[in-house]
Amino acid sequence: MTVRESAARTAAPSRGTWLEHEPLAGHTSWRVGGPAERFYQPADLDDLVQFLRALSPQEPLFWLGLGSNVLVRDGGIRGTVVCTKNRLRVIEARGPACVYAEAGIPCAHVARFCTERDWVGAEFLAGIPGTLGGALAMNAGAFGGETWSLVRRVLTVNRGGRTIWRAPEEFEVGYRHVQGPEGEWFVAAELELAPGDGRAGRERIKALLARRSATQPTHQPSCGSVFRNPPSDFAARLIEACGLKGHTVGGAQVSLKHANFIVNSGDATAADIETLIAEVRDRVALLCGVWLEPEVRIVGEAQA
């Protein structure tokens, strides 16, 4: 028995979902990606803690939320994928204008929860197509707001299953960047809002979503923005200036609606998308002298 086989057998959770060779195309917003060697969805936070305590320290781990902002290669992911989608969804009020939300909660749900209680400041979260855990991990933002501007404190878990409350000061936070203690993952956060007009907040959410629908390819599989905006410019402007709107590789296409989106036209592979990302980056570098940094994470094994 290999180390990984042993890890899989000893760590199989008692209450969560445990699958082997689970195709990840159904768990990513691009609708591409090979299989996870092992795939685990916790029943709740306590189940996750028990799972990690039983897991071999040699077992590779990858954390997945709604599967946006990530490109899983066609060969899939070795080790165990911990998927919080539709799990870790507890959300509750914690005192005046403070919300506790677990990592698997969609950002849009957090925004609605707050405005329903006449708390404002989180409306921009409705424009982030991912979970709170993913938003915390990269300081996701939309429409001028950034996730960590709301954070009072975060709850992390380490490989040994220990949960730790940490203050924002313990992290290096920047534009689409968060760095903290090694070997810990976000499982919840307390967010601080401001008392306000919930009805007006809901109207702002409605307006933001209408703007998003008008400017982004929301009805096609994508990961959200592919590249970070360079200083004092916009990735979409540079890509469009290079004549790349509509450019395709296989089933992957630079969106005709928003140049910083790559969409799956129906039959794209992860390899198509990765090749298109590289072609766009190289063309912008050649014609504009700007090296675009990917916002999307590219993970997993290439197809053998």
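Backbone N, Cα and C define each Cβ position, glycine as well.
Positions annotated as active site by Swiss-Prot: R176, E295. Annotation comment: Swiss-Prot describes S225 as active site, proton donor. Look at Swiss-Prot and you will find 31-196 tagged as domain 'FAD-binding PCMH-type'.
Cα to Cα, R176 (active site) and E295 (active site) are separated by 7 Å. In sequence order, N69, M138, R176, G224, S225, V226, F227, R228 constitute the residues six or more apart from E295 (active site) in its chain with CB-CB distances below 8 Å.
Most other Cβ atoms within 10 A: among the active-site residues R176, S225, that distinction falls to S225.
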